[in-house]
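Notes for the one structure printed next.
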């Protein structure tokens, strides 16, 4: 730079202080983020750190996706400087230790150089990465430093009028007009550039800031910008075995075991009691899964009747088959085991997906503390903790309606109070019909609403204020009892599949369990009881209930939509839907037909013009030939002849 203001030698721009020990600060806060979906919401915190002192100058948190969480960050220059600059010329009095120094600092320009991408000759932390002119990429100076590739821009903010000589309102000068907390009167505004919004922020990034002075060395400070990401609504597996993603393909459909009619007692069997009811039969696969969908429909129809006017309820073929919603509730203490602590109500299955925050008991590890709104420690003694109606304890050892404090005190087990909901997804009819018609194009996959999202928290009053039935009425209704009964029946059937393989590895048992569930849904699909939508088995439901023959209902609805679509078309548009080869035929012969039509329209005119042109040329040629056979006679004037005579 040729300007006199930039003519200071490089050695004057370098402060004679030793190297900074900042590697630990640079490494400590970065963490990579694994993105599952571009639409997933995170809790993003941006932190600006003064690397000279290690203090935080700004920490701003907001909720959003990874593509739109780039806010403006407001802080003060003195937050990056501390009490004073590391200045070789302290007699000048710049810095932030005194009101006068803060006021003088406000009068100077500043420039910023990136440390995350250091250009050749720009130096290191000692020079603030500004070892020569041209390294600066942003700042507030009269030459307006800028860059098209740096990640941020840093400018001065608006200083209120009458702010005064930067007095600190927290000390004795608080009564002076214009005093501010900490005497901050050098506001800065940090904005992200387009390059910064596209960059990876998995690790902290560093910049150097220098105060521009026409005489003397330019003081240096260093700061870093870090992004910290926390997942909102964590889905944390509870239990020793996480979800196994690999699933074996189904080999054969599962047969439904129909109940056999009771046989008459054999003659001479005096021990048989006449008129005794036959032993109860467990429901078959079809009945068990249909009861699960029916119970989900009844609970949804009770709480949100507007959503069940016409909808599709789908069972997923892959794990997890159940979801837990952590809730807060009041459990009851019992000195002896209550009736619901029987062996039949205990389940060895663990939940692989739990959302929300609720009541936790026991030694909860740090990996699962995000599920806890309140954590209670068990006291000494032997008693039982029974979960409220409609809830269950999800423990690291399995599902149970009641806890034994003796077991909790002797082991490292922990439990979370949850509502248990089957993994039933809710789809609108337009989405389902569009998938089968393959006409509707979605820019992105619609968010799947599950029963846990629609009804989660109702039993404990989480969203019961908007439900006319109320919390108590919902738990006590027959619809909710029907869903709970279907859940316990299905859990019992799933657990039997695992218990039959207890002698094998637990992971192998879960693989077989997943295969069994896929076979069950395959049987329903092959029987026409449900419609296969991707990896889900969907049942049609309206205000009349769940339709057993869902495939027939799907075909009926698709035919109705096709007729309605055709009735709204004109006769010309309808031609292309009558035959599959009609469109191909038209597109094939349309080109030659258009060319032939153009020839017939403009051909005669072009031909006439061509013939006339040829005739004109021939006439000219004939005239030339005739003129070559004759010569022009010399003209004689009669008066000249008479004069000669």
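Including glycine, each Cβ sits where the backbone N, Cα and C put it.
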Where Swiss-Prot places region 'Fusion peptide' among the ranges 426-446, 447-467, 468-488: 447-467
Coiled coil range according to Swiss-Prot, out of 385-405, 490-510, 511-531: 490-510
Candidate set 301, 577, residue annotated N-linked glycosylation site in Swiss-Prot: 301
Integer mean pLDDT for the topological domain 'Cytoplasmic' (607-640): 79
Same-chain residues at least 6 beyond the ends of the topological domain 'Cytoplasmic' (607-640) whose Cβ lies under 8 Å from its Cβ atoms: none
Which of 130, 372, 402, the listed disulfide-bonded residues, has fewest other Cβ atoms within 10 Å: 372
Cα-nearest neighbour of residue 135 (disulfide bond) within the listed disulfide-bonded residues, 311, 372, 402, 530: 372
Spatial neighbour of residue 122 (disulfide bond) that is closest, considering only the disulfide-bonded residues 113, 130, 530, 537 and their CA atoms: 130
Cα separation, residue 314 (disulfide bond) to residue 530 (disulfide bond) (Å, whole number): 9
Rounded distance in angstrom between the Cα atoms of residue 537 (disulfide bond) and residue 395 (disulfide bond): 30
Helix, strand and coil totals (DSSP H, G, I; E, B; other) for the topological domain 'Cytoplasmic' (607-640): 26 helix, 0 strand, 8 coil
Rounded to the nearest Å - Cα separation of residue 113 (disulfide bond) and residue 372 (disulfide bond): 44
